[in-house]
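Visitor: Take a look at this one; I'll ask things after.
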Amino acid sequence: MNNVILYCRPGFEKECSAEVTEKAAAREIFGFARVKDNSGYVVFVCYQHEEADRLVRVLPLRSLIFARQMILVGELLRDLPAEDRITQIAGMLTGAVAGAGEVRVEVPDTNESKELMKFCRKLTVPLRAALRAQRILKGEEHRSPQVIHVLFIAPGCCYAGYSYRDNHSPFYMGIPRLRFPPDAPSRSMLKLEEAFHVFIPADEWDERLGSGMYAVDLGACPGGWTYQLVKRSMMVHAVDNGTMDEALMATGQVIHHRADGFRFEPPRNNVYWLVCDMVEKPSRVAQLAADWLVKGWCREAIFNLKLPMKKRYEEVSQNLRLLIDHLQVNGVHGEVHAKQLYHDREEVTVHARRFWSAVPGRRDER
């Protein structure tokens, strides 16, 4: 197996390809990408067979902006007979996987592929039984290092391979399944909820997303992101010249500031979260978030960067470098991650966390 498949948002295959090629080369792993527009996935072919397995181990999925999932697969299985699709799939996995803990039969995130979802669900049960009989899969759901993936790209055509549990998305197809509450003022609240799932480990939610925290939402109206914070029992300063959702204001957890988000300064010293989903130039939003973190006005920030029509990977990379450089120059130790979420469109979501500052006299939590 020398192919690495990366799931991505349809229309962003070129960005995903450029990113994996660049970051693989930085680890001295070389190959080429096969890209089909609007397919929802990229195939990165490593020149050396053993390098593909190394790539899915050493390249953190978390470091990839445009990839939702990363799996190692063999060659495309074509024209699988309708009466027996399982034999060839099991044959591809034999010798490559032993004692995996889970099997996922998936499709790319396209309208055409979603027509195969019903078939994938039907195939999963007999495939699981066959793989268990051959000891490719353990006898019960198990947290084994490997997870088997079968990716159908068309009827009778699939890739079969695996991911490593410590470097993959835990979500089916790399997509968290979230419910839109009927009382939410905007579907944008799903972006922030997904960001929490992607960026914040579940065992740290009580500490970092806890009740009673203070947050600032810049560009808040009508209140989609504020809603998500309020549901987590936070106190929110919502900053926007527009009108906030009345039900949100009635909770007593929101203070509405009619102000420019780029000029607003927090009225408290204990704001933990900054969130921002303003339609602005990405460089301006990145600089704004960097300023908040450097000044110690917040401890963590989640914000969206709207993407241009062309050179989208270059634009994101440039703005992330701006943010990281600004923190480093000002002696702020932290971490920065970015991901194009399922609920994002022509944008990416960035998470930045401040640990401590080397400069005394700032609002700081050591």
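The backbone N, Cα and C atoms fix where each Cβ goes, glycine too.
Quick paste from Swiss-Prot:
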{"type": "BINDING", "residues": "S188, C221, P222, G223, G224, D240, D260, D277", "note": "S-adenosyl-L-methionine binding site"}
{"type": "ACT_SITE", "residues": "K306", "note": "active site, proton acceptor"}
Visitor: What count of other C-beta atoms do you get within 10 angstroms of the C-beta of D240 (S-adenosyl-L-methionine binding site), across all chains shown?
Guide: 22
Visitor: What Cα-Cα separation, expressed in whole Å, is found between D277 (S-adenosyl-L-methionine binding site) and K306 (active site, proton acceptor)?
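Guide: With distance taken Cα to Cα, K306 (active site, proton acceptor) is 9 Å from D277 (S-adenosyl-L-methionine binding site).
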Visitor: Which residues, sitting 6 or more apart from D260 (S-adenosyl-L-methionine binding site) on the same chain, put a CB under 8 Å from its CB?
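Guide: Set apart from D260 (S-adenosyl-L-methionine binding site) by at least 6 residues yet with Cβ under 8 Å, we have N241.
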Visitor: Ten-angstrom check, please: count other Cβ atoms within 10 Å of the Cβ of S188 (S-adenosyl-L-methionine binding site), all chains counted.
Guide: 17
Visitor: Based on Cα distances to the residue listed as 'active site, proton acceptor', point out the closest of the binding-site residues S188, C221, G224, D240.
Guide: S188
Visitor: Checking the spread of the S-adenosyl-L-methionine site as listed (S188, C221, P222, G223, G224, D240, D260, D277): what is the longest Cα-Cα distance, in whole Å?
Guide: 20
Visitor: Using the structure shown, find which entry in P222, G224 (the binding-site residues) has the sparsest Cβ neighbourhood within 10 Å.
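Guide: With the binding-site residues P222, G224, fewest surrounding Cβ atoms within 10 Å: P222.
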Visitor: Does DSSP give K306 (active site, proton acceptor) helix, strand or coil?
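Guide: DSSP call for K306 (active site, proton acceptor): strand.
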Visitor: Taking the Cβ of D277 (S-adenosyl-L-methionine binding site) as the centre, how many other Cβ atoms fall within a 10 Å radius?
Guide: 23
Visitor: Within the chain of C221 (S-adenosyl-L-methionine binding site), which residues six or more apart in sequence place their C-beta under 8 angstroms from its C-beta?
Guide: A238, D240, N241, G242, T243, M244
